[in-house]
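A.B. asks: Submitted below is the structure of interest, expressed as structure tokens.
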Amino acid sequence: MQFPAFYVTGTDTGIGKTVASTALLHAVRARGHTAVGMKPVASGCVATPQGWHNEDALALQAASQPQPDYATLNPYALPAALAPELAAADVGVSLSLVPLQLAFAQLRAQAEVVVVEGVGGWAAPLSAQLDQADLVRALQLPVVLVVGVRLGCINHARLTAAAIAADGLRCIGWIANEIDPQMERIEDNIRMLGQRLAMPCWGRIPWRPNAQAEALAQHIRLPQ
């Protein structure tokens, strides 16, 4: 595949990065490649006999083939459903790039493609010292932007794309994820997004809240 690893970010929190990331994993696997997900930092985790686990990270693990060890897929699992900087401080954890780089290297050794899902929107910091751009640079990844299609999405998408470029990073594609079934003129909005975003569209995920990731993969258009 043209891009053996990439970082999935979004126009905001709650716009469907995990939906898109799991669909991407299944789309890559449908092409005959092995693919694993990674959630470097996750907040809002729940206690399990195996430790703190996050719903989104578990979804990535389930969509992966082979399925990696949870601690490798999600090195920083934070209990509080807060911004990572606050959630980490609550439990006395100091986020560092080194464990994330080591975990990523392990995942790269396990599969042909690694889909790395970020936190919140692009400008959401990882810690007082680290932005997501720092992590993406350290892992040397291109970026895929998930646009939550709702009122205001054109503004959010253009601002996010501009911020990624300003950070000196490459956005290789965007995905339209329909999150508001009541949105008016949705076709026009998606058309306008396509006209204003310089990178190619990797797909349009329809509003299907109970759909399985494997079914949504048919709406992904991976580059050759």
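Placement of Cβ uses the backbone N, Cα and C atoms for every residue, glycine included.
Note that the coordinates shown come from a computational prediction; the quantities given were computed from them, not determined experimentally.
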A.B. asks: Among Asp56, Asp90, indicate the single residue that Swiss-Prot lists for the ATP site containing Gly14, Ile15, Gly16, Lys17, Thr18, Val19, Glu117, Gly118, Val119, Gly120, Asn177, Glu178.
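C.D. replies: For the ATP site that includes Gly14, Ile15, Gly16, Lys17, Thr18, Val19, Glu117, Gly118, Val119, Gly120, Asn177, Glu178, Swiss-Prot also lists Asp56.
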A.B. asks: For Gly118, Gly120, listed as binding-site residues, tell me which one has the smallest number of other Cβ atoms within 10 Å.
C.D. replies: Gly120
A.B. asks: Quick one: Cα separation, Gly14 (ATP binding site) versus Ser43 (substrate binding site), in Å?
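C.D. replies: Per the Cα atoms, Gly14 (ATP binding site) and Ser43 (substrate binding site) stand 13 Å apart.
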A.B. asks: So what sits near Ser43 (substrate binding site) in its own chain, CB-to-CB under 8 Å and at least six residues off in sequence?
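C.D. replies: The answer is Asn54, Leu78, Pro79, Ala80, Ala81, Leu82, Ala83, Pro84, Ala87, Val119.
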A.B. asks: Out of Gly14, Gly16, give me whichever of these binding-site residues has the highest number of other Cβ atoms within 10 Å.
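C.D. replies: Counting Cβ neighbours within 10 Å, the top one is Gly16.
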